[in-house]
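A.B. asks: For reference, the structure I am asking about is given below.
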């Protein structure tokens with residue numbers, strides 16, 4: 001069994017390399033969520049700290065600016081995700097990613113050299129446009145290049161790279177926050193570090209090939225066959241490659257025939273399509289309200305609110321949270337995603353997260369931490385706070401085995417080639433829209449609701465996400481072309497007939513010029 005796994009990785013090494021390169025853009029997604037807005041010098045320099053007439057600090061100004069710095073990126077990403085669909089459909093996945101990576105670099109540079117909030121906001125919006133498009137196109141690109149046997153694992157690398165970016169951001173903020181707390185580097189180094197993964201992606205994209213499925217969808221079948229054979233490390237005339245190419249081509253021809261002369265309306269409302277777009281929208285609506293991104297974006301503030309009151313303590317607790325998330329996500333992607341299946345993983349994940357949030361809310365209600373200034377106190381966290389931190393670490397393990405990586409895997413699974421870029425764009429736009437809403441309201445929720453915020457997220461996990469998990473169809477081990485059968489676009493008999501016909505045609509074409517070479 002172990003030997004088979006090693007052989008599978010070696011055989012698909014070019015697909016893993018493609019995912020590794022493309023998903024450096026997803027590191028930007030994760031990394032950019034690590035905020036610097038809780039740094040005292042940042043708050044002072046950009047006038048986040050205001051005082052009430054009685055001399056006590058007023059959190060409203062800090063909350064508003066903190067949420068703006070985080071959420072304007074999501075606003076840009078929303079439009080980037082939507083705008084990427086027609087561009088990706090026209091020029092291909094690879095060049096679309098390359099172009100939007102350059103856009104991100106421009107925004108990152110502007111944010112790094114910014115001297116006022118307006119420049120930071122502008123840079124974040126531009127960066128967001130780049131990240132939004134990357135987050136929409138990258139999963140489609142990787143999914144279209146991956147064989148069905150390991151597609152869930154390879155597509156799931158998306159969330160590993162998100163977790164990797166989150167972890168890096170926490171420790172970069174921890175390092176500069178501890179060693180250079182009184183220097184502008186406390187925000188310039190974290191913002192500037194974004195250029196590293198962006199540069200790796202831009203250069204790496206020069207080493208990978210275009211999606212065979214996209215090439216076939218625009219009539220470049222010969223190039224599609226060559227790229228597919230390259231990715232599978234096989235000959236273009238091999239039986240396996242020809243069968244997969246026949247399956248791809250049959251699905252594309254069926255889609256063209258069924259949608260001939262029809263436009264965007266049919267793409268969304270054609271037979272078997274609308275329910276896929278509904279799932280894509282709501283799976284990310286629920287993911288964003290799972291509570292994880294609230295912890296992600298404002299981890300230092302969240303940990304301070306449960307008792308890790310010293311800035312060093314809250315940053316270190318956040319860093320450990322990032323490590324736990326990365327390890328848990330990696331273990332699930334490599335050993336669990338193709339074993340448990342999508343539905344049961346999502347259900348277990350939602351129930352586990354909801355239960356732990358109920359526990360955290362109850363402890364925070366019965367054992368509230370002492371009210372101390374989170375940026376200046378240096379207290380040892382009380383036992384109840386350590387217990388709540390432990391619950392958050394266990395919580396992120398449940399998140400990482402389901403609702404973290406699987407929404408991206410699932411929506412990459414369910415769309416046919418012709419509408420996949422629209423489906424992924426809608427899914428990504430939904431993700432960024434609700435990401436924007438959650439990041440905008442989290443500081444206020446944390447300040448105003450306290451323990452009730454955790455109870456709210458718990459109810460959403462158990463009452464919404466767990467139920468949703470049981471209502472969607474299973475896609476584990478099914479090819480992308482089989483999704484039309486699952487969602488009722490075509491009968492299984494008609495699909496098999498089309499595959500057999502196209503396979504005979506490919507075999508006839510490939511065997512004719514090479515018949516003299518047979519041994």
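A Cβ is built for glycine as well, from the same backbone N, Cα and C atoms used for every other residue.
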A.B. asks: I'm validating the feature mapping. Which of 257-273, 274-290, 291-307 is tagged transmembrane segment in TrEMBL?
C.D. replies: 274-290
A.B. asks: Looking at 315-337, 476-498, which stretch does TrEMBL describe as transmembrane segment?
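C.D. replies: Spelled out, TrEMBL records transmembrane segment over residues 315-337, not the other listed ranges.
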A.B. asks: I'm validating the feature mapping. Which of 55-74, 75-94, 95-114 is tagged transmembrane segment in TrEMBL?
C.D. replies: 95-114
A.B. asks: Transmembrane segment per TrEMBL sits at which of 12-31, 32-51?
C.D. replies: 12-31
A.B. asks: Does the transmembrane segment (274-290) come near the transmembrane segment (154-174), with 3+ Cβ pairs under 8 Å (pairs 6 or more apart)?
C.D. replies: no
A.B. asks: Six or more residues out from either end of the transmembrane segment (120-142), which same-chain residues have a Cβ under 8 Å from its Cβ atoms?
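C.D. replies: Cβ under 8 Å, 6 or more out: 15, 18-19, 22-23, 25-26, 28-29, 32, 46, 68-69, 72-85, 87-88, 93-94, 96-97, 100-112, 114, 154-155, 157-158, 191, 194, 211, 408, 411-412, 420-421, 424-425, 427-429, 431-432.
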A.B. asks: Name the range, of those listed as 12-31, 186-208, 390-410, 422-441, 453-473, that has the largest tally of Cβ pairs under 8 Å with the transmembrane segment (95-114).
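C.D. replies: Most contacts with the transmembrane segment (95-114): 186-208.
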A.B. asks: How do the residues of the compositional bias 'Basic and acidic residues' (495-507) split into helix, strand and coil according to DSSP?
C.D. replies: 13 helix, 0 strand, 0 coil
A.B. asks: Most CB pairs under 8 Å with the transmembrane segment (453-473): which of 344-364, 390-410, 422-441?
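C.D. replies: It is 344-364, which has the most Cβ pairs under 8 Å.
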A.B. asks: Hey, which bits of the same chain come close to the transmembrane segment (315-337), Cβ under 8 Å, at least six residues off its ends?
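C.D. replies: For the transmembrane segment (315-337), the nonlocal Cβ contacts are 152-153, 156-157, 159-160, 162-164, 166-171, 173-174, 177-178, 295, 299-300, 303, 308, 345, 389, 392-393, 396-397, 399-401, 404-406, 409.
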